[in-house]
Amino acid sequence: MQFSKMHGLGNDFMVVDAVTQNVFFSPELIRRLADRHLGVGFDQLLVVEPPYDPELDFHYRIFNADGSEVAQCGNGARCFARFVRLKGLTNKRDIRVSTANGRMVLTVTDDDLVRVNMGEPNFEPSAVPFRANKAEKTYIMRAAEQTILCGVVSMGNPHCVIQVDDVDTAAVETLGPVLESHERFPERANIGFMQVVKREHIRLRVYERGAGETQACGSGACAAVAVGIQQGLLAEEVRVELPGGRLDIAWKGPGHPLYMTGPAVHVYDGFIHL
């Protein structure tokens, strides 16, 4: 099986063309391939499939390193767009794809960045899903013997965003896994730790569902900005500084889609016998 290794700000992927190859991935195989000592090593596996709708170009599937399939990965979407162009699967700059829960448009810019229409953030608890009696801008949660204030949003996948004074000292390794599996998130959640530098700039670390802390999380950056704007903390255009680098997020508020712009890097091509 041929594959490519790619990354978006250090969030790394194994990308496989299932348009011209016949492939099947069991959870066990994915876990083996994801092992950084015994396999290829990656945060997520991205699979390019033929479209199910003639109006679309491709179907986009995402698997976490633990073998679970998820519906959204922003950094992966940028790598997906670069991959299908690099491999000659399309020469379009505007690439329309379906995912497990919707559709996306990926745009390759003139300076080789990728701009992704991530859709409109959904703050309804049932959409996340998150157990709450009604939608709030801020929720109070109990975890690890602490009282935590957070915002909750779906970017096609579930996110919880906590504001911290300093991301460098935030309890990502200890609080992240506790909140990821909290009973109020029946499908688990990605946990973002956000430091507001100013209205146009945040620093962010994300403990990803099924992957742990990564160098960058695109949908996590979108979620943090969406929550920050909803809570009145941020402007409509925000620079997000992650351990792996920078993303630019723009959202005009309810009724509008949110846009993420950032890089996607091809590292190498490989072949593996399964």
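Numbers here mean position along the shown chain, with the first residue as 1.
Including glycine, each Cβ sits where the backbone N, Cα and C put it.
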Quick one: which of Asn91, Asn133, Asn190 does Swiss-Prot put in the substrate site with Asn11, Gln44, Asn64, Gly74, Asn75, Asn157, Glu208, Arg209, Gly218, Ser219?
Asn190
Please report how many Å separate the Cα atom of Asn190 (substrate binding site) from that of Cys217 (active site, proton acceptor), as a whole number.
9
Going by a 10 angstroms cut-off between Cβ atoms, which of the binding-site residues Asn11, Asn64, Asn75, Asn190, Ser219 has the sparsest surroundings?
Asn64
Among Asn11, Gln44, Asn64, Gly74, Asn75, Asn157, Asn190, Glu208, Arg209, Gly218, Ser219, listed as contacts of substrate, what is the widest Cα spread in Å, to the nearest whole number?
17
Rounded to the nearest Å, what's the C-alpha distance separating Asn75 (substrate binding site) and Tyr268 (site 'Important for dimerization')? Just drop the number here, would you?
17
